[in-house]
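Let me begin by presenting the structure, written as structure tokens, before commenting on it.
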């Protein structure tokens, strides 16, 4: 177990360093206007002096290792054009909590719907409840998210008269964004939990319980659900970490001042320092979420066998 976890950790660190290097290198190919809020008014000498002060004229490997060293201390530099001279970490501290509030709310709603829905579909496999549920899941997965997000927005604002634009002090403005952000997780968790529940149905302990006269409802709730949720645990850390990065489309549509909307704004303003930090944050959350999911699954599920190659 210890060797496996160490290998997974080293592999994740190397993957993260590779992603950071690629992002770092690509952004060095971007126009230098993104480093100066008043680029048009500066002379060539002033621009070169500014680039030198920022260390952007040093060799790329020197810049990269300096950036990694600073990032490990929580220093991602300062914004150049989005909020000139404001530390990137200070901006992220304002935006991340907002995205997490919406993300965690939508994840909670998704789990609240997915668990009973998957149980109903699995216990009525092949019947009308399962067929309708399957059709619902297929639609969610097949139709582009922008379509049903706009549909929710139209129905919510025009038919139900729910306020559209986000207001910090009005919880009703959370309704449409949270519903919109939850649909993807509803489709994912319901699909997989239904599958795992159906797999559990054919196992020996279920057959034995039925022979002993235990009701199907009791078997489903007390035994099958518990075992079916175990493999789903590995996806939960990634879902939680993803709440930090927000939803670009939903946050932009509802004017939510979170991470998703921030990425769009800094790209429009060509703030290379901010773009770099946000993209790296996205990579960190993704890699860390997968790593913690694998570790968590190994710790809680004794049935998991670690192969000699380090896989699960």
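Backbone N, Cα and C atoms are what each Cβ position is placed from, and that goes for glycine too.
As recorded in TrEMBL:
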| type | residues | note |
| --- | --- | --- |
| TRANSMEM | 12-30 | transmembrane segment |
| DOMAIN | 96-293 | domain 'ABC transmembrane type-1' |
| TRANSMEM | 102-122 | transmembrane segment |
| TRANSMEM | 134-154 | transmembrane segment |
| TRANSMEM | 174-193 | transmembrane segment |
| TRANSMEM | 248-268 | transmembrane segment |
| TRANSMEM | 274-300 | transmembrane segment |
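Recorded stretches compared: 12-30, 134-154, 174-193, 274-300; the one with the most Cβ pairs under 8 Å to the transmembrane segment (102-122) is 174-193.
The list of residues near the transmembrane segment (12-30) in space but at least 6 beyond its ends in sequence, with Cβ under 8 angstroms from a Cβ of it, reads 56, 60, 63-64, 67-68, 71, 270, 272, 275-276, 279-280, 283-284, 287-288, 290-291.
If one looks beyond the transmembrane segment (174-193) by at least 6 residues along the same chain, the residues whose Cβ comes under 8 Å of a Cβ in the stretch are 102-103, 105-107, 109-111, 113-115, 117-119, 121-122, 133, 137, 140-141, 145, 148-149, 152-153, 156-157, 162, 164, 166, 228-229, 231-232, 235, 239, 247, 250-251, 253-254, 256. Beyond its flanks by at least six residues, the transmembrane segment (274-300) meets 1, 4-5, 8-9, 12, 15-16, 19-20, 23-24, 27, 34, 71, 76-77, 79-80, 82, 88, 91-92, 230-231, 233-242, 244-245, 259, 262-263, 266-267, 306, 312 of its own chain at Cβ-Cβ distances under 8 Å.
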